């Protein structure tokens with residue numbers, strides 16, 4: 001039986017150009033690549049501690065403040081429901097500009113001394129800005145690629161793992177002089193670069209209304225290859241032998257080229273559309289000769305003849321595979337599986353993020369001075385950690401095997417635990433290996449959780465639901481970080497004092513009680 005339903009829209013003529021769909025994914029990749037502004041905190045935390053004469057506990061509370069911005073991440077999910085996505089992007093970048101920008105002005109003595117509480121609030125504001133940009137990228141990937149949302153989300157979010165590497169490469173080129181200048185450079189980039197990229201990407205990062213989309217193969221394969229090459233370049237450029245043979249400028253140029261190359265996919269699709277008047281990458285059924293068997297195949301074989309004429313909006317949503325049901329926040333927090341999921345994440349990815357947040361202090365306590373290289377290493381391996389689960393998901397989706405995402409999260413916690421035990425070895429090699437493993441596992445769990453949230457609680461309320469889940473990150477940062485800071489203070493050896501510009505000495509046993517108001521200038525407050 002051959003039927004042409006009156007309201008069953010399949011013709012490419014009724015859909016937007018496929019090139020716009022791919023361009024929105026490229027825009028999301030660019031946004032995510034600069035959105036991990038809190039991931040470069042370890043690279044300048046030690047200098048920030050010295051320049052602002054903070055105790056270890058105060059410094060750790062700033063790391064917690066950056067994560068605490070996620071406590072208010074659900075605001076971005078609500079805003080995305082009522083506001084256009086470009087405006088959500090602008091709000092997020094503006095929050096980052098204020099949060100990091102004021103701290104930069106403080107370090108450069110452009111504004112008067114600020115109390116610690118205000119610096120804490122500015123850090124919270126900066127941390128919250130990440131949630132706004134994340135929410136837009138998630139929504140774009142899920143809505144514009146309904147049947148390939150796991151792959152689209154995985155590709156885009158994996159680039160956030162490269163943020164610290166990208167910022168470090170830029171700092172190596174433009175702020176190579178001293179650790180103090182590098183710290184100021186990181187804050188300047190954190191405040192300005194996301195705003196610039198959001199302005200560039202805002203016109204293309206939007207809901208394309210793809211309607212009923214088929215599985216996309218060609219475009220994803222090309223972007224997969226580009227992504228793997230990009231990650232390989234990031235890892236190779238972190239190696240000591242490569243760093244010594246290549247200048248920082250060449251490393252930065254190479255990274256920028258790899259970030260621009262994905263735009264070739266929508267460009268090629270646009271050329272193909274104009275020449276052949278059809279989409280080359282999207283594999284679409286014809287508008288005529290739609291058989292009952294074809295429609296039933298798309299809906300799991302459960303539709304009858306009377307149900308074929310469905311609205312365009314329902315096609316591509318109801319047929320998505322893997323979603324149990326669509327539930328809201330109130331219903332979600334009543335579920336046992338949510339709380340199991342919450343605490344598994346709490347003792348997995350959150351614990352790894354706390355380690356990465358304190359990487360600067362860990363490296364310093366072990367006598368390792370090249371903190372930026374260590375941060376770049378964790379960033380590069382975190383990139384592959386975010387990417388590999390979705391490569392496997394994409395491969396298994398084309399076979400009869402299916403990976404359990406909760407089981408995948410559980411499996412990744414095993415090497416994560418082993419890496420912490422490896423840190424008992426005091427050598428630099430064990431520090432590098434442990435950091436790489438923790439980066440991979442943390443990135444993988446973070447990446448898998450995006451699809452797990454959608455699978456367990458649906459895609460309709462994803463923006464709010466996932467931001468509720470990641471609230472465990474600031475909670476874990478506060479709990480684990482403060483315990484580490486107290487241990488660091490108790491076990492610290494050697495005496496030192498802080499000298500202010502009036503010649504006042506602050507002994508070690510009173511160092512943790514110093515406040516910003518007690519020191520007029522920060523320029524000379526370096527521990528002796």
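Backbone N, Cα and C define each Cβ position, glycine as well.
Not measured: the values here are computed from a predicted model.
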Inset, instruction - When you get a sec, could you say which of 304-325, 436-457 is annotated transmembrane segment by TrEMBL? - result: 436-457
Legend entry - Segment proximity, the transmembrane segment (407-424) to the transmembrane segment (217-243), 3 or more C-beta pairs under 8 Å: no
Inset, instruction - Could you check if the transmembrane segment (469-488) is in contact with the transmembrane segment (376-395), meaning 3+ Cβ pairs under 8 Å among residue pairs at least 6 apart in sequence? - result: no
